[in-house]
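> Sending over a structure as structure tokens; questions will come in a sec.
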Amino acid sequence: MPADPPGRERRGRAARLRHHPAHADAGKRGLLKDTIDSSPMSHLYRRAVVHLPFIDGLRALAVLAVVLYHVDPSWLPGGFMGVDIFFVISGFVVTLSMRHLPHAGLGAFLAEFYARRARRILPALIACIVTTAVLSALFIPKAWLSEANSLTAAGALFGVGNMVLAHFSGDYFSPQSEFNPYTHTWSLGIEEQFYLLVPLLLWPWARSGRTGRVAAIVGAACLLSLVLAALNQADRPSSTFYMLPFRFWELGAGVLLALHLDPATTRPASTRLQTASCFAAAAALAAALALGDSGRFPWPWALVPVAATTLLIAMLMRQSPTSALRHLLSHPLPVFVGRISYSVYLWHWPVIVLMRWTVGLDTPSQQALALGMSLLLGYLSFRFVETPLRRGRADSTRRRTLLTGIGASSLACVALLALTLQHDRISLSVTARSQDWSPSTPVPVDMPHCQVSMSTQSLGEIDLRSLTPEHCRSASTEPLKHRLWVIGDSHAAAYQGLLHALVAQQGLQVEILQKPGCPFLNLRRPLEEESDRCRSFIRAAAARVAEQAHPGDQVFLPSLRLARLGDQWGPKAPPATEPPRPEREQRIIDEAVDVLSLMIRSGAMPLLEMPKPIFPAPAFRCSDWFNQNNPACRGGLSIERAEIEAMRAPVLARMQALQQRLPGLRLWDPLPTLCPDSVCRALQDGRPLFFDGDHVSGYGNSLLMQSLATEFILGTSQRSVSNHF
């Protein structure tokens, strides 16, 4: 028999599929459709594919779980696992789509696949990132909490946002991630990197239809990925969470499922065992979402949602379209939410983060607003950006599509750079006055020809910053011949503006040895109660000074030595007061004496910073008209001086005990300058003394400049007198 003409063959296939039981899911809307977007090659491979509405229903479940979790984790503690559901679905659906790509050469196969992915992903992504970048420039201040934001956005435009986050933001559940409006693009980065790899793996199968060898390769890759995740979870949790090699197995599960199940040929054959398996998988998935544990993720807890989703799809494929669960997931409402799920996912996180930075996200009305805006913006993006541009022009070529995508991403990246460079000009926040707010802004000095160079390096446990004068000798001040060592937690770096000016004025070199989160001798607890990383830092910093300091060098020791009264989420309850235990008190003092003695024996002169005021609310988040009512600010930006003095008393008593045992130890008190009245305030006459709840601001640096400079000069004079006698 002669072959049917192409048109007749297509009509015959469509007629056969109309009688396929899976077609019942399509209803009257004709969900039997081509999966290939319009392109010049479409006539080579237009093949009807059964659309599976229950897949959209699963997408709806996944995106709603993620959104609910992000609005309030207590609503659905495992909602973040919705991303793992997406991974399985993506592997499954993308593999099915490749079943119908052209059987021409590898080049045409790859070009068509990448062009379709670009049309699918880039338009909505670029629109979301550029819009978010504009709003971020207006409302999000420059701070340690937002320092990785712009870089994450740029990375997301080119599919590497997950790599940026793994390197700069650390833990997915850390404050830096929670306040980054682009953190959610990590999952898109994993999928886009997966899309670069998977067509190369699947082309032999798409060309020949033979599953065995390809399935074996994909299965081996999944097993290797799972083993890597298990081996690296404890030592490299951020990389394990964010990077494709440790997540490939999740998408690979969907690939393996699609390799063995073709919706066009799979016949419903419901048995009691299959029905029971279907409901067991659904129950396991529901339990994971309701009870999820973020402590060890993705290994081993991602196994549950991945296995449950894979089994659920496999069983639903074999269920009758009228079966309860498949019918529920195929209802028009979840199908609609599933169709807009990509755009909803894109927009929900910027909405949430921008609300955290401005009005807050604590009250029921604010949370309802976040949900409503996420769904509305998701629908608008789907309707007016994603859908029209995904379809593309009928005469567009694959090359044109890819070049347009690269060009649009590049232009968006340029826009991000411009917004970053012009941030202080366009920001609506008072923190744009960086001279007042930024602790790293140099305090102005009258040294027009002076330059201060700064170098940074990581020395294992120590983050080192070196400030060196160049042409900074003044007419009235001879350059000091000694170095100033500054050792502490992030409070050491918070004096950088002041130290920069001292380098210029006095001509001395400054070495800042810091480790954020690790106070150097906080004098509130013994060293054994510090973390391993902090103990290592304290010992390494003390040893470096002991080895490299020369007689006459000074060592300034600023650190947080009071318990914080608040964090980025709001005020914290003060720690319970413990009754003094003589043996514990003695251990704290003895350990401090041992550390300080190392420095003193080298001839260095330590200067301990006495505790500064602290506040329940962070000033940089609570000083603008659009954030003053944020729940994070309810603790206020003032505190009674008597309360601060009471908190300081135990630490000051230990400092005085240290002075009795180490006569060369000096103390410096910033409190009289920062809190001259009976009430301590984070802002003075509209200018900030503090950047957040405890770090001094740029303006605070300028006020403390004279006091600290005098202390250093006195210390040098004392050393000179001592050496003379």
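Just so you know, glycine gets a Cβ as well, placed from its N, Cα and C.
Features from TrEMBL:
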type: COMPBIAS; residues: 10-21; note: compositional bias 'Basic residues'
type: DOMAIN; residues: 53-380; note: domain 'Acyltransferase 3'
type: DOMAIN; residues: 470-706; note: domain 'SGNH'
type: REGION; residues: 1-22; note: region 'Disordered'
type: TRANSMEM; residues: 48-69; note: transmembrane segment
type: TRANSMEM; residues: 75-96; note: transmembrane segment
type: TRANSMEM; residues: 121-144; note: transmembrane segment
type: TRANSMEM; residues: 150-168; note: transmembrane segment
type: TRANSMEM; residues: 214-234; note: transmembrane segment
type: TRANSMEM; residues: 240-261; note: transmembrane segment
type: TRANSMEM; residues: 273-292; note: transmembrane segment
type: TRANSMEM; residues: 298-316; note: transmembrane segment
type: TRANSMEM; residues: 328-348; note: transmembrane segment
type: TRANSMEM; residues: 368-389; note: transmembrane segment
type: TRANSMEM; residues: 401-421; note: transmembrane segment
> Looking only at residues six or more beyond either end of the transmembrane segment (328-348), which have a C-beta under 8 A from one in the stretch?
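Distant Cβ neighbours of the transmembrane segment (328-348) are 25, 53-64, 66-67, 70, 86, 120, 124-125, 128, 184, 316, 321, 370, 373-375, 377-379, 381-382, 385-386.
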> Along the domain 'Acyltransferase 3' (53-380), what average pLDDT does this model show?
92
> Ranking 48-69, 121-144, 240-261, 298-316, 368-389 by the number of C-beta pairs under 8 Å to the transmembrane segment (401-421), which range is first?
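Between the candidates 48-69, 121-144, 240-261, 298-316, 368-389, the best contact partner of the transmembrane segment (401-421) is 121-144.
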> Kindly say whether the transmembrane segment (273-292) and the transmembrane segment (240-261) touch, using the definition of 3 or more Cβ pairs under 8 Å where each pair is 6 or more positions apart.
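Contact criterion not met.
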> If we skip the immediate neighbours and take only residues 6+ beyond the ends of the transmembrane segment (121-144), which ones have a Cβ under 8 Å from one of its Cβ atoms?
150, 153, 156-157, 176, 181-182, 185, 188, 192, 342-343, 346-347, 350, 354, 357-358, 381-382, 385-386, 389-390, 405, 408-409, 412, 415-416, 419-420, 422-424, 426-429, 431-432, 434, 437-438, 490, 620-621, 626, 691-692
> Can you name the far-off residues of the same chain, 6+ from the ends of the transmembrane segment (240-261), with a Cβ under 8 Å from a Cβ of it?
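Residues 84, 87-96, 99, 162-163, 165-166, 171-172, 186, 189-191, 193-194, 198, 202, 205, 211, 214-215, 218-219, 221-223, 225-226, 228-229, 232-233, 297-299, 302, 306-307, 309-310, 313-314, 317.
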